[in-house]
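Annotated features in TrEMBL:
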BINDING   LYS66, LYS90, SER344  substrate binding site
ACT_SITE  LYS102  active site, proton donor
SITE      ASP142  site 'Important for catalysis'
BINDING   THR185, ASN216  NAD(+) binding site
Amino acid sequence: MNALAATNRNFRQAARILGLDSKLERSLLIPFREIKVECTIPKDDGMLVSYVGFRVQHDNARGPMKGGIRYHPEVDLDEVNALAQLMTWKTAVVDIPYGGAKGGIGCVPKELSLSELERLTRVFTQKIHDLIGINTDVPAPDMGTNAQTMAWILDEYSKFHGHSPAVVTGKPVDLGGSLGREAATGRGVVYAAEALLNQQGKQIKDLTFAIQGFGNVGSWVAKLIHEIGGKVVAVSDITGAVKNQNGLDIPALLGHKEATGKLNDFGGGDVMSTDELLTHDCDVLIPCALGGVLNRENADHVKAKFIVEAANHPTDPDADEILSKKGVLILPDIYANAGGVTVSYFEWVQNIQGFMWEEEKVNRELKKYMTKAFGNLKSMCQSHSCNLRMGAFTLGVNRVARATQLRGWEA
């Protein structure tokens, strides 16, 4: 089942649990606006190439729409739609005043030079600048994009609208980016895991962890768990996978990855196949890479007792069912990886105020938001007798539905 179908299914189940009016349900599902633009740029050798860019703005009942821009060959309207909708529920789960959006360009960023990426970003911004804005839609980095991409968008947007640092988040700190933003998604995942484990009477320092994906999110999750005293026993990314039942030395592994660009040949662990990581013997499995990695083929072999979804949609509905029957607790993506968008909100607030925070304050506020959201999620689970995923979806959908009704959607 693709990401859009799975997201729609979760939404419909939540709507049924909440007893939503069918007209309101349909209204909440349809995106506010879908944008598809052609972006033609000259390559460095002078040849013209065309790419397709997307921006889906899903819902703005609770505030400006918010969501990343990804550069990836598999970007298509269905995927962008699903991710935009997820952002609507995600921002509502952690109770920040945003709606959902998502965008992307179908390209292979590794095959483009820095100047080609800059030209592509600027052309994309020219095409959508009048449809994004501080109080309309605030983009952020995602897969294949970074703080530099946001700096180009800010610069191009400002040519049309004057200096507007709050139009994007995830910017370089020198251009109004927030301290703590780079680590935010990973830190939020750790705070979310802590909230779940505490509620189960467990602590990170007593458990073993396997982490799939060692990019920005995965590496921060590993680093922070290691600092708390948790044992990271296996890590994988597209370059390979390493394991060590006594716990990997994460600072040394980060140094090795930095120096060689890959996980293989790391002296402090044994090589394993990347597929094996998801079924590796551990207490907590944290998928931090692409969606759909846990499916009906491998779900039965998962040994972890807890899964914390740092990636978007890593567990498909078949796997969800199999894992639930096995008694595995899954902390859903729309809550677990909301740290990034929460600190994006803090960045937006700082830009609007023109007053920047200390990193300690950013992390303290993030912990407060993640811990409070988990309490709200658990009370939805109790009042509707549902699992954590449905607890998160009912919490998010209910907030958006209430805001929509209060604003008078039938008029």
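The backbone N, Cα and C atoms fix where each Cβ goes, and this holds for glycine too.
Keep in mind that TrEMBL annotations are predicted by a computer and have not been checked by a curator.
Owing to the predicted nature of the structure, the values given are computational and were not obtained by experimental measurement.
Same-chain residues at least 6 positions away in sequence with a Cβ under 8 Å from that of LYS102 (active site, proton donor) are, in sequence order, ARG55, VAL56, HIS58, GLY67, GLY68, ILE69, ARG70, VAL80, ASN81, LEU83, ALA84, MET87, ASP142. For the pair formed by SER344 (substrate binding site) and THR185 (NAD(+) binding site), distance between Cα atoms is given as 10 Å, rounded to the nearest Å.
Of the listed binding-site residues THR185, ASN216, the Cβ environment within 10 Å is emptiest of other Cβ atoms at ASN216. Between the C-alpha atoms of THR185 (NAD(+) binding site) and LYS90 (substrate binding site), the distance comes to 13 Å. In this structure, the C-alpha atom of LYS66 (substrate binding site) lies 20 angstrom from that of ASN216 (NAD(+) binding site). ASN216 (NAD(+) binding site) and LYS90 (substrate binding site) are 20 Å apart (CA-CA, integer value). Across the residues the record lists as binding substrate (LYS66, LYS90, SER344), the two Cα atoms farthest apart are 13 Å from each other. ASP142 (site 'Important for catalysis') has a Cβ environment of 22 other Cβ atoms inside 10 Å. Each residue in GLY67, MET87, THR91, ILE96, TYR98, GLY100, ALA140, ALA338, GLY340, VAL341, THR342, TYR345 lies on the same chain as LYS66, LYS90, SER344 and has a C-beta within 8 Å of the C-beta centroid of that substrate site, without being one of the site residues. There are 29 other Cβ atoms within 10 Å of the Cβ belonging to LYS90 (substrate binding site).
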